[in-house]
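Down below is the structure, laid out as structure tokens.
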Amino acid sequence: MRPPGFWHAPPDALGWRARALAPLGALYAAATARRVARPPAHRPGIPVICVGNINAGGTGKTPTVIALQMILAARGIAAHVVSRGYGGRLEGPVAVDPRRHDAAEVGDEPLLLAAFGPTWVARDRAAGARAAEGAGAQAILLDDGFQNPTLAKDLSLVVVDAQRGFGNGRVIPAGPLREPVARGLARADLLLTIGPPAAQARFDALWGPATVTLPHLRGALTPLQTGMRWEGLRAVAFAGIGHPQKFFDTLQDQGVILCATHPLDDHQPLDARLITRLLADAKAQGAQLVTTEKDAVRLPAELRGQVLSLPVRLALADDTALTAALDTLFPNATRRL
């Protein structure tokens, strides 16, 4: 289900829907405040780095976790991801194995993350952390755990889509937030806004220094150079992510000729019937069917080879604040160039 449009109105231009739902938003915010105030049930003997958000929905957490997996690996640190496994049926803790698990079992995000390093699915994050420690983890990357009090966190990084920012600044259902901005940022150590320069400028205009007083990282999602020539490719594109239009825009930036686009719900199941229909649509237009890297792991195995995916990676404009935070957490780690 797509979020309502009024969630992303400017914070100084609230409509009647946001105002009418504000009392329910206050109840939601109070429930979140009570939850995050609980003392952690488990403090692992290794550093815990949390990647989360204040907004509901997609903000770029998965590419951020992938980037941290690669950064920590370059320091010689065995980092294990612990994820709830949204969309999967396994409660865990279970180590994700792309050779035997599918997205219906463990969720699409853990399945993708497992390609970059050890990844655990666990409804009980503390149990997942214990399993990771027992398997030799030297650090835990807690995926989407910012409002989860189960684990004590050593570093919390909040990720925001720079174009959308914090939406209208109101809490669900009056807006897109899981908790008020000021309250959430007060618990965070780093803020990462993801988007091109124009989006970063928009974020600054709406949420500038008066709101953001913690170290602020900026980054953008850039297509991974795989040797694939995208320019001039006729494509029918589909995406079941938080903001499908961002993916379609990225394809156009690569010179792809979009014959049709199909925005799907976030994490929407991709059954053979749907993909066969999209493949037929692409064939009728003399085009190639294209999707995101995250959607690709949900494709039926028998049709996966007929769909192209465009992988993207997070590129940080300035990683000084992140490097300093990691140096503090891992003072004895050796950076490898």
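Glycine is treated like the rest: Cβ placed from N, Cα and C.
Lifted from Swiss-Prot, the feature list:
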BINDING   N55, A56, G57, G58, T59, G60, K61, T62  ATP binding site
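Its Cβ placed at the centre, T62 (ATP binding site) has 26 other Cβ atoms within 10 Å.
Considering only the binding-site residues G58, G60, the Cβ with the fewest other Cβ atoms within 10 Å is that of G58. Most other Cβ atoms within 10 A: among the binding-site residues G57, T59, K61, that distinction falls to T59. In sequence order, P3, I172, P176, L177, R178 constitute the residues six or more apart from A56 (ATP binding site) in its chain with CB-CB distances below 8 Å.
In sequence order, N53, V159, D161, G242 are the residues of the same chain, not among N55, A56, G57, G58, T59, G60, K61, T62, whose CB sits within 8 A of the CB centroid for the ATP site.
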